[in-house]
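What Swiss-Prot records for this protein:
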BINDING   Cys37, Cys38, Cys102, Cys132  [4Fe-4S] cluster binding site
Amino acid sequence: MGIEGVLKEGFITTSADKLINWSKTGSLWPMTFGLACCAVEMMHAGAARYDIDRFGMLFRPSPRQSDLMIVAGTLCNKMAPALRRVYDQMAEPRWVLSMGSCANGGGYYHYSYSVVRGCDRIVPVDVYVPGCPPTAEALLYGILQLQAKIRRENTIAR
């Protein structure tokens, strides 16, 4: 059924899963957890050239108001409990995007005693964005991949 059928018939048919997942993908509110230089690229994604707002995203300062955590940068052992605490404060459904080599696996500091070798050891990660630092385009691509993953989820159990 095309748009002509919608205008003529006056209604749209879809499944509840598709409708719910569409609304989730169009209103992701990320909470920034910028730990190092990757956070600068995250700021570029929010600026006028890349305009992350066009995806319905609005950066939130509080974990209680957000459903996406973008971990950007080197995660040290002292910061790991704070990352977990912030993740636990986020409401369900929640997603985590790991941005950059340091957040993905420790990066250049992988063998340091004070660095966590990947934020996936602390919180479950949904999408990894590689690079050192990854560009704003790579972050936007990772967000698009997360939106595709959300669209494939089954919200209502069958």
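Every residue gets a Cβ built from N, Cα and C, even glycine.
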Open item on the list: For the [4Fe-4S] cluster site (Cys37, Cys38, Cys102, Cys132), what does the 8 A shell look like? I mean other same-chain residues with CB within 8 A of the CB centroid.
Closed with: Ala36, Ala72, Gly73, Thr74, Met99, Gly100, Ser101, Ala103, Gly107, Gly131, Pro133, Pro134
TODO: Let me know the most crowded of the binding-site residues, choosing from Cys37, Cys38 and counting other Cβ atoms within 10 Å.
DONE: Cys38
Open item on the list: Given a 10 Å Cβ-Cβ cut-off, pick out the one of the binding-site residues Cys102, Cys132 that has the most other Cβ atoms nearby.
Closed with: Cys102
